[in-house]
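Per TrEMBL, compositional bias 'Polar residues' is recorded for 1-10, 18-33, 41-51. Sequence annotations record features per position, and here TrEMBL assigns region 'Disordered' to 1-53. Per TrEMBL, the feature transmembrane segment maps to 144-163, 175-197, 209-229, 235-255, 276-295.
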Amino acid sequence: MDYRATQSGFRQPPNIRARNSSMEVSDGSQLFEDTSGAGHGSQSGFKQQAGDQAAGFPGFSDPMSNLAMAYGSSLATQGKELMDKNLDRFIPISKLKYYFAVDTVYVGKKLGLLIFPYMHENWEVSYQQDTPVAPRFDVNAPDLYIPTMGFITYILVAGLALGTQNKFSPELLGVQASSAFVWLVMEVLAVLLSLYLVTVNTDLTTIDLLAFAGYKYVGMIVGVVSGLLFGRPAYYLSLLWCCAAIFVFTIRTLRLKLLSEAAAEGRLVRGTRNQLRMYLTMAIAAAQPIFMYWLTFHLVR
């Protein structure tokens with residue numbers, strides 16, 4: 001066979017190249033269709049579909065993203081625990097739950113006791129393993145549900161009373177609410193200061209004092225509603241009754257907390273310190289009617 005020299009130093013068979021050229025000339029069409037391009041497109045489409053399916057399964061996801069999510073979740077849990085711990089230091093959330101553990105029966109009995117406390121005999125708070133029972137099990141236990149709802153209802157009734165006098169405005173209602181809240185805080189602070197000066201060792205907490213100071217809103221609501229319905233004389237009569245009731249309620253409730261065990265049992269109170277405690281109890285009880293009149297007299301005309 002005759003091989004010709006090429007530029008690279010090798011020879012090509014001329015007959016084979018001639019034969020191939022003759023075949024290309026004689027048959028212009030290909031015997032088989034070239035599917036290399038279509039096969040490449042289908043293969044890339046299959047790879048893209050497989051990638052999409054793999055992205056939909058957690059097992060095929062990025063491990064670094066899972067690690068970052070787990071680390072972020074642990075940080076959030078630790079931050080929540082730290083926030084709850086510091087918040088409980090200033091605002092005892094667990095103790096607040098106790099003061100709101102009430103039911104409908106307790107609320108009805110407590111409202112009746114605040115309006116008519118004269119026939120109630122047992123004023124002692126029940127205990128279970130050195131822990132006071134929840135308010136829903138003992139009508140003598142202090143709560144924050146009635147004072148809170150009483151304060152809100154008092155603001156609403158005050159807005160209604162101002163509306164009947166054509167004096168209602170959001171600013172004036174805000175002044176009414178803020179003034180009532182400030183007087184409440186000042187009353188509690190004054191009682192705490194008095195207890196400190198008298199050096200009374202009692203289990204009363206600030207929340208207890210806030211609850212006892214907030215019970216007067218029930219009588220205030222009764223007085224204002226009676227005045228709106230039946231006029232000013234009804235306001236004075238109902239408010240006078242509620243003032244006497246809250247005075248008796250406060251005396252009989254706080255005397256077990258502030259006076260000594262001998263006074264709580266009904267025996268004669270002796271000693272200067274016990275007399276100071278008795279005067280302090282009467283002063284706290286006497287302040288309730290004063291606040292009740294001061295915060296409601298301008299609402300009834």
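From the backbone N, Cα and C atoms, a Cβ is placed for every residue, glycine too.
Note: TrEMBL annotation is automatic and uncurated.
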Worksheet, complete the sentence: Across 144-163, 175-197, 209-229, the most C-beta pairs under 8 Å with the transmembrane segment (276-295) come from 175-197
Discussion item. Can you work out which residues elsewhere in the same chain, 6+ from the ends of the transmembrane segment (144-163), have a Cβ less than 8 Å from its Cβ atoms?
Written reply: 96, 99-100, 102, 107, 110-111, 114, 135, 169, 172-173, 176-177, 180-181, 184, 207, 210-211, 213-215, 217-218, 220-221, 224-225, 227-228, 295, 299-300
